[in-house]
Amino acid sequence: MSNEVDRMDVDEDESQNIAQSSNQSAPVETKKKRFEIKKWTAVAFWSWDIAVDNCAICRNHIMEPCIECQPKAMTDTDNECVAAWGVCNHAFHLHCINKWIKTRDACPLDNQPWQLARCGR
């Protein structure tokens, strides 16, 4: 066994561990840890369960204010721009879809009759 250790390309510490473990019944582990994790910050990604995350009417992200609410968004923080989901699972800003419904009672994306499923954030 010692001849094999002499011929192998190993570090000094590893060859001593091999020689010690051949003399003992249980292997002795004296290696230091390569690194230790002291703090772990987990990151998660998520998305809404909707077909489109932009309002197809005003082209803004559904969680940002619509073009009607943008001018007053900085000054009036009490009013929220609420999203509206249809039964077709398409989401629009409530202001945008209300204007759309006045001219045409269908979803702007799939042309199905518009039915409100839920409203809110």
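Cβ coordinates are placed from backbone N, Cα and C, and glycine is handled just like the others.
What Swiss-Prot lists as region 'Disordered' is 1-31.
Swiss-Prot lists S15 with the feature phosphoserine.
Under the heading compositional bias 'Low complexity', Swiss-Prot lists 16-26.
Look at Swiss-Prot and you will find C55, C58, H93 tagged as Zn(2+) 1 binding site. According to DSSP, C55 (Zn(2+) 1 binding site) sits in a coil region rather than a helix or strand. On its own chain, C55 (Zn(2+) 1 binding site) has H61, I62, C66, A91, F92, H93, C96 as residues at least 6 apart in sequence with a Cβ closer than 8 Å to its own Cβ.
According to Swiss-Prot, the feature zinc finger maps to 55-111.
Non-local contacts of C69 (Zn(2+) 2 binding site) by the CB criterion (under 8 A, 6+ apart in sequence, same chain) comprise N79, C81, H93, H95. Annotation source Swiss-Prot lists Zn(2+) 2 binding site at C66, C69, C81, H95, citing similarity to another entry.
The Cβ of C107 (Zn(2+) 3 binding site) lies under 8 Å from the Cβ of G86, C88, H90, P113, W114, each of which sits 6+ residues away along the same chain. Secondary structure at C107 (Zn(2+) 3 binding site), taken from DSSP and collapsed to helix, strand or coil, is coil. According to Swiss-Prot, the Zn(2+) 3 binding site annotation covers C88, H90, C107, D110.
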>> According to DSSP, collapsed to three classes, what secondary structure does H93 (Zn(2+) 1 binding site) have?
In response: strand
>> With every protein chain in view, what's the tally of Cβ atoms within 10 Å of the Cβ of C81 (Zn(2+) 2 binding site), excluding that atom itself?
In response: 23
> At the Cα level, what's the spacing in Å between C58 (Zn(2+) 1 binding site) and D110 (Zn(2+) 3 binding site), rounded?
Replying inline: 16
> By a simple count of other Cβ atoms within 10 Å, which of C58, C66, C88, the binding-site residues in the record, is least packed?
Replying inline: C88
> Neighbourhood of the Zn(2+) 2 site (C66, C69, C81, H95): other residues with Cβ within 8 Å of the Cβ centroid, in order?
Replying inline: C58, P65, I67, E68, Q70, V82, H93, L94, C96
